[in-house]
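What follows is a set of notes on a single structure, which appears directly below.
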Amino acid sequence: MVDKTSVAAEIAEPERRKVFRKVFRQLGAATVITMFGKAVLDSRPARAASVLRPPGALPEPEFNAACIRCGLCVEACPLDILHLASWSDPAPTGTPYFVGRTDPCRMCPDIPCARACPTGALSPLLTDIKKADMGVAVLVGHETCLNYKGLTCSICVRVCPIIGEAISLKQIKNERGVLQIPTVDSSKCTGCGTCEKHCVLSEAAIRLLPRELGLGVEGAQSVGRW
């Protein structure tokens, strides 16, 4: 007499093996995708030098920890200056940023972006926009700035919203004679990006950088090297 249970088991066995193989393949693919995604995320720079945070932003590590990627600050910006970083942007995904060369911060007196932040990633303690610290302007193009070539350009000085304080022309002497060189007072500069936006060169001679880069703040690698 044929054991029907045994026959049924033999018939079902290949089907079970097929199901298991499919499950294992899917798990394997998911694992590879997860590992690849993590590797890509880990290899990306946390924030490119051209990417600036909204006014009131905490220092970068604290900001990334406090920001919940809600986008309320972006919605609150009346001039659509702020953007939420996507996968392809040079900043942690979902965090707000702006690029001074294309769209500088207009320094709204009531700082609506900071007021909209629910977590304090953009500090509510910032009440005077002139005290904002989004970055610092740095004259990086000593070879390209028109003033270093003996001409006189004052665009960056004239468009600065902290006029007469953050950027001024200072005289220096070299083989070309007396030059008028744009000079930034880092204690007054808010990092809005207006000077970089309006630089007449195709590659701006004055650039906005995160303050720790622009002022050369010492990092962990400097320990024991002096």
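All positions are counted from 1 along the displayed chain.
Backbone N, Cα and C atoms are what each Cβ position is placed from, and that goes for glycine too.
Straight from Swiss-Prot, the features:
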BINDING   CYS67, CYS70, CYS73, CYS77  [4Fe-4S] cluster 1 binding site
BINDING   CYS105, CYS108, CYS113, CYS117  [4Fe-4S] cluster 2 binding site
BINDING   CYS145, CYS153, CYS156, CYS160  [4Fe-4S] cluster 3 binding site
BINDING   CYS189, CYS192, CYS195, CYS199  [4Fe-4S] cluster 4 binding site
DOMAIN    59-87  domain '4Fe-4S ferredoxin-type 1'
DOMAIN    95-127  domain '4Fe-4S ferredoxin-type 2'
DOMAIN    136-172  domain '4Fe-4S ferredoxin-type 3'
DOMAIN    180-211  domain '4Fe-4S ferredoxin-type 4'
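The C-beta environment of CYS108 ([4Fe-4S] cluster 2 binding site), restricted to residues of the same chain at least 6 apart in sequence and closer than 8 Å, consists of PRO78, ILE129.
For CYS195 ([4Fe-4S] cluster 4 binding site), the spatially nearest entry among the binding-site residues CYS70, CYS77, CYS160 is CYS160, judged by CA separation. The Cβ of CYS113 ([4Fe-4S] cluster 2 binding site) lies under 8 Å from the Cβ of PRO54, PRO55, GLY56, CYS73, VAL74, ALA76, CYS77, LEU82, PRO96, LEU122, each of these being in the same chain and 6 or more residues away along the sequence. Measuring Cα to Cα from CYS117 ([4Fe-4S] cluster 2 binding site), the binding-site residues that fall within 10 Å are CYS67, CYS70, out of CYS67, CYS70, CYS153, CYS156, CYS192.
The [4Fe-4S] cluster 4 site is set by CYS189, CYS192, CYS195, CYS199; from the centre of their CB atoms, other residues of the chain with a CB within 8 Å are GLY100, PRO104, ALA137, CYS156, VAL159, CYS160, ALA166, ILE167, VAL184, GLY191, GLY193, THR194, GLU196, LYS197, ILE206, LEU208.
The [4Fe-4S] cluster 2 site, placed at the center of the C-beta atoms of CYS105, CYS108, CYS113, CYS117, has further neighbours from the same chain whose C-beta lies within 8 angstroms: PRO54, PRO55, GLY56, CYS73, ALA76, CYS77, LEU82, ILE111, PRO112, ALA114, ARG115, ALA116, LEU122. For CYS145 ([4Fe-4S] cluster 3 binding site), the nearest neighbour among the binding-site residues CYS67, CYS105, CYS189, judged by Cα separation, is CYS189. Where the domain '4Fe-4S ferredoxin-type 4' (180-211) meets the stretches 59-87, 95-127, 136-172, the count of C-beta pairs under 8 angstroms peaks at 136-172. Using CYS189 ([4Fe-4S] cluster 4 binding site) as the reference Cα, a 10 A cut-off selects CYS160 from the binding-site residues CYS70, CYS156, CYS160. DSSP states for the domain '4Fe-4S ferredoxin-type 2' (95-127), grouped as helix (H, G, I), strand (E, B) and coil, give 5 helix, 4 strand, 24 coil. Sequence-distant neighbours of CYS160 ([4Fe-4S] cluster 3 binding site) (same chain, 6+ apart, CB under 8 A from its CB) are ALA166, ILE167, THR194, CYS195. Among the binding-site residues CYS67, CYS70, CYS105, CYS153, the ones whose Cα sits within 10 Å of the Cα of CYS192 ([4Fe-4S] cluster 4 binding site) are CYS105. Rounded to a whole number, the distance between the Cα atoms of CYS70 ([4Fe-4S] cluster 1 binding site) and CYS153 ([4Fe-4S] cluster 3 binding site) is 42 Å. On a Cα basis, CYS105 ([4Fe-4S] cluster 2 binding site) lies 19 Å away from CYS67 ([4Fe-4S] cluster 1 binding site).
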